[in-house]
Ligand SMILES: *Cc1c(COP(=O)(O)O)cnc(C)c1O
């Protein structure tokens with residue numbers, strides 16, 4: 001730990017690979033498992049995560065932006081399908097097609113522009129279409145989708161590889177929205193397949209996989225569950241945790257009199273308390289909203305965070321440790337197998353996704369392979 005004075009973030013690629021196999025195993029026969037690696041694989045490092053998934057047989061990767069796709073293409077060549085979830089930048093269609101990236105198109109205008117590129121060039125230019133099945137975010141609305149279905153010349157000129165939609169409430173299995181979106185998507189899929197046989201259908205994110213086989217279609221698109229976030233709200237997490245974050249302690253002190261701790265003097269501690277100030281604060285993704293509620297972990301036990309989280313440091317009450325434990329203590333874990341991303345997210349009033357994608361860049365990163 002002494003070598004990692006800015007903190008040590010360990011990312012377990014074996015656990016990510018195991019999570020991939022676990023999810024792939026849950027899929028209906030004939031459905032294949034892709035992987036969402038947007039936002040630098042949810043903050044864990046696309047360059048390291050993609051080969052670990054590739055080694056398990058994953059060939060369908062989903063990214064958010066064209067630049068993420070270009071980077072993935074230049075690192076991993078032509079053997080993988082790369083789908084861009086947020087479309088194509090206007091004017092960048094040719095670049096995107098040349099790189100063999102598959103944009104997810106969700107307006108008629110985007111689709112027409114893309115097809116023009118296909119017609120002008122000899123490029124294969126595969127694309128994906130996205131319908132809004134009820135989430136009301138990105139996607140073709142029902143009227144726009146019907147217009148596309150009616151435009152036979154447009155459909156014939158296009159090379160549509162996949163039809164996607166995204167679930168709004170998949171982490172709540174009982175939510176009626178799931179059934180509604182499922183039937184809307186099924187209907188859209190059948191219509192498009194009637195005109196363009198062979199296109200692949202994709203609906204399920206991580207949580208969608210747990211809704212049952214009807215939701216799996218041809219390709220699943222899990223992201224968060226690969227990285228250890230619990231896919232089903234309120235149920236024991238079936239996924240393996242993938243990250244451990246250790247912060248070095250930069251000061252330990254005995255506070256002899258009752259004192260308030262940190263900015264705003266928001267929290268009082270009694271005289272005789274032992275405090276440890278650890279290197280790592282909200283600039284490193286330790287969310288300020290955890291202040292006064294969050295936990296650290298050492299010697300197999302939780303330790304309360306005290307006062308507000310600062311930009312570069314966080315203070316813990318280590319009075320609960322024995323003298324020897326306290327004296328030998330050099331670091332505090334703030335994410336590990338016991339203190340999970342979901343628990344930390346709870347203290348910060350957010351979701352595990354945001355905890356992962358906020359992890360800072362000052363930590364030393366270690367990738368564990370076995
Ligand atoms: C991010 C994203 C996913 C992955 O979702 P998880 O909940 O992380 O599994 C799948 N599909 C789309 C369209 C997304 O934007």
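Keep in mind that glycine also has a Cβ here, set from the backbone N, Cα and C atoms.
Here is what TrEMBL records for this protein:
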- 38: active site, proton acceptor (ACT_SITE)
- 38: N6-(pyridoxal phosphate)lysine (MOD_RES)
- 137, 311: substrate binding site (BINDING)
- 242-368: domain 'Alanine racemase C-terminal' (DOMAIN)
- 263: active site, proton acceptor (ACT_SITE)
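Ranked by CA distance from residue 263 (active site, proton acceptor), the recorded positions 38, 137, 311 have 311 at the top as the closest. You'll find the Cα of residue 311 (substrate binding site) roughly 26 Å from the Cα of residue 38 (active site, proton acceptor). With all protein chains in the displayed structure included, the most crowded Cβ environment within 10 Å among the recorded positions 38, 137 is that of 38. The two recorded residues, residue 38 (active site, proton acceptor) and residue 137 (substrate binding site), show a Cα separation of 18 Å. When Cβ atoms from all protein chains are considered, those within 10 Å of residue 311 (substrate binding site) total 12, not counting its own. Following the DSSP three-state reduction, the secondary structure of residue 38 (active site, proton acceptor) is helix. Residues belonging to the domain 'Alanine racemase C-terminal' (242-368) score a mean pLDDT of 96 in the model. Secondary structure by DSSP for the domain 'Alanine racemase C-terminal' (242-368): 30 helix, 51 strand, 46 coil.
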